[in-house]
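According to Swiss-Prot, the feature domain 'Core-binding (CB)' maps to 1-71, an assignment based on sequence analysis. What Swiss-Prot lists as domain 'Tyr recombinase' is 90-242. Residues or ranges marked as active site in Swiss-Prot: Lys148, Arg209. Here Swiss-Prot flags Tyr241 as active site, O-(3'-phospho-DNA)-tyrosine intermediate, drawing on sequence analysis.
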Amino acid sequence: MKEAIDQFIQQKQLSKNSRLAYTYDLEQFLEQVGTINDTSLRLYQSSLQSLKLSVQKRKLSAVNQFLYFLYNQKYIEHYYKLNIPKDQKENSSQGSLLDLSVFWQESQVPQGRLIALLILENGLLPSEILSIKVADIQLDFQILSVEKAGQKRIVQLSSKLTEELSRMASGTYLFEKKGKPYSRQWAFRQLEAFLSEKGQAGLSAQSLREQYILRQLKDKRSLHDIARDLGLKSITTLEKYR
């Protein structure tokens with residue numbers, strides 16, 4: 001399994017110090033857990049609780065990225081993800097605009113990256129994203145047709161997001177396997193892996209959707225306009241942003 005560490009690190013563009021840190025943390029992880037399963041992972045996470053929170057977060061972030069790599073490369077049969085503890089500062093960031101420009105950087109989880117961008121840029125729900133067909137995307141006009149509860153709405157796409165979609169739009173659905181859309185569980189795994197890779201494991205589909213709303217409010221858009229773009233029938237769920 002240790003050879004997988006070298007393969008994993010070779011895929012990432014890291015400084016010398018970062019490579020050494022990843023190698024140390026992951027070798028220590030493998031030595032401690034032995035066989036990777038739910039029990040060994042819980043014991044590993046418990047062993048970190050005496051460390052500073054910043055050290056815990058660094059180690060757990062590296063391990064989560066490595067676990068996704070192992071699953072993706074079929075070293076392990078199941079996908080595992082360790083919970084990264086939140087500190088008070090992180091919790092207080094709820095309701096505040098975050099700098100998530102790192103999402104536009106290249107990723108080892110391209111599908112998770114695109115899911116994150118569709119939520120952040122257009123406030124789409126994972127279920128809406130999974131139902132997107134390639135035919136719903138009109139690249140020339142930079143628009144996307146989204147269906148929710150039998151109702152369709154048109155979503156305007158940014159130039160950057162249009163370019164991203166043009167690279168991955170093939171087949172019947174935007175995200176598919178053998179002509180059928182992936183499950184929501186798959187989408188959440190992809191999103192979690194991407195967020196972990198970018199050091200944003202504390203975020204979720206819901207918090208990314210909130211970031212979309214906050215960005216729209218910053219641009220002086222009304223709650224009624226935002227509700228319409230999100231496919232909501234009223235502004236009831238947006239009242240807290242008044």
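Backbone N, Cα and C atoms are what each Cβ position is placed from, and that goes for glycine too.
Counting residues of the domain 'Core-binding (CB)' (1-71) by DSSP class, helix then strand then coil, yields 56 helix, 0 strand, 15 coil.
Model confidence over the domain 'Core-binding (CB)' (1-71) stands at 89, taken as the mean pLDDT rounded to a whole number. In this view, the densest Cβ surroundings among the active-site residues Lys148, Arg209 belong to Arg209, judged by other Cβ atoms lying within 10 Å.
Around Tyr241 (active site, O-(3'-phospho-DNA)-tyrosine intermediate), the same-chain residues six or more apart in sequence whose CB sits under 8 Å from its CB are Ile213, Leu214, Leu217, Leu223, listed in sequence order. Between the CA atoms of Arg209 (active site) and Lys148 (active site) there is a gap of 16 Å, rounded to the nearest whole number.
According to its DSSP assignment, Tyr241 (active site, O-(3'-phospho-DNA)-tyrosine intermediate) is helical. Arg209 (active site) falls within a helical segment according to DSSP.
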